[in-house]
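Database features, via Swiss-Prot:
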BINDING   His53, His55, His118, Asp140  Zn(2+) 1 binding site
BINDING   Asp57, His58, Asp140, His178  Zn(2+) 2 binding site
Amino acid sequence: MLKVEPIPAFQDNYIWAIHDGRNAAVVDPGEAAPVERFLKDKGLALGAIVITHHHGDHQGGVAELLSAYPTTHDGAPMPVIGPAGERIGGRTQAVREGDTVTLPAPALQFRVLDVPGHTAGHVAYAGDLPGVGPVVFCGDTLFATGCGRLFEGTPAQMLASLDKLASLPGETRVYCAHEYTRSNVRFARAVEPGNTALADWEARVESLREAGQPTVPSTIGLERQVNPFLRSREPTVREAVKAQGGSVAGDAEAFGALRGWKDNFR
């Protein structure tokens, strides 16, 4: 049986630890110190490092972790798994769409999805974890009620990436890398003020944050109901985009206008 736990980092990052009570894989360790504290507090050995994309707040802790944990519990070189299309320090396994990642300790398997948009080579890791169920670790592509900025990709690429993630089973838990949900919900409410599922989710988000709890993971099923970036083809979203002066001439244009609105939303 596995557990997935957040390791807070920086101001609003989540490094994800997947562990079996003995060994842990960490996803997107932007800094090392919080990971080292977590491992020590839980009595865990580091078994693998998994990276979704090249930004420093996702891989900045890799070198320090490799210095502290050069090998796994059985003496093998520490695996560092990351996207083939990006520069990842210390990477031992380059992955792309269709690849399978298999780890011995903790015992788990992921299939790799190419999800360009936020960065050109961004990947996500989807799997079915014993004791957890279906999951996707999606970095900065899909957020709870939002999506990542388009730093390197196009609206068409990001839309296709989000469509790919939205096609996962509804019960899939979405482990994104930032606690942006409150601000994302504010924007979503501006886009779809009549969305009752979103109103319910807003109340839940406020309750969680007031209690100091993460709003992540969400689920793919919930995101389909409340996330404007998964709903950019909905008439309500299209009308809101048009009211802001955005083009809805095509799917990519409408998505790009929606993303541009969010970029400037206050």
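Cβ coordinates are placed from backbone N, Cα and C, and glycine is handled just like the others.
Listed in chain order, the extra residues whose Cβ falls within 8 Å of the Cβ center of the Zn(2+) 1 site residues His53, His55, His118, Asp140 are Thr52, His54, His58, Thr119, His122, Gly139, Thr141, Gly148, Phe151, Ala177. When other Cβ atoms within 10 Å of the Cβ of Asp140 (Zn(2+) 1 binding site) are tallied across all protein chains shown, the result is 26. Cα spacing between His55 (Zn(2+) 1 binding site) and His178 (Zn(2+) 2 binding site): 13 Å, rounded to the nearest whole number. Neighbour density at the Cβ, taken as the number of other Cβ atoms within 10 Å, is lowest among the binding-site residues His58, His178 for His178. In this structure, the C-alpha atom of His53 (Zn(2+) 1 binding site) lies 14 angstrom from that of His178 (Zn(2+) 2 binding site).
According to DSSP, Asp57 (Zn(2+) 2 binding site) sits within a helical segment. A Cβ within 8 Å of the Cβ centre of Asp57, His58, Asp140, His178, the residues given for Zn(2+) 2, is found for these other residues of the same chain: Asn13, Asp28, Gly30, His53, His55, Gly139, Ala177.
Residues within less than 8 Å, Cβ to Cβ, of His118 (Zn(2+) 1 binding site) and separated from it by at least 6 positions along the same chain comprise His53, Gly139, Asp140, Thr141, Cys147, Gly148, Arg149, Leu150, Phe151, Glu152, Gly153, Met158. Counting every protein chain shown, 19 other Cβ atoms lie within 10 Å of the Cβ of Asp57 (Zn(2+) 2 binding site).
When other Cβ atoms within 10 Å of the Cβ of His53 (Zn(2+) 1 binding site) are tallied across all protein chains shown, the result is 28. In the three-state DSSP scheme, His178 (Zn(2+) 2 binding site) falls into the strand class.
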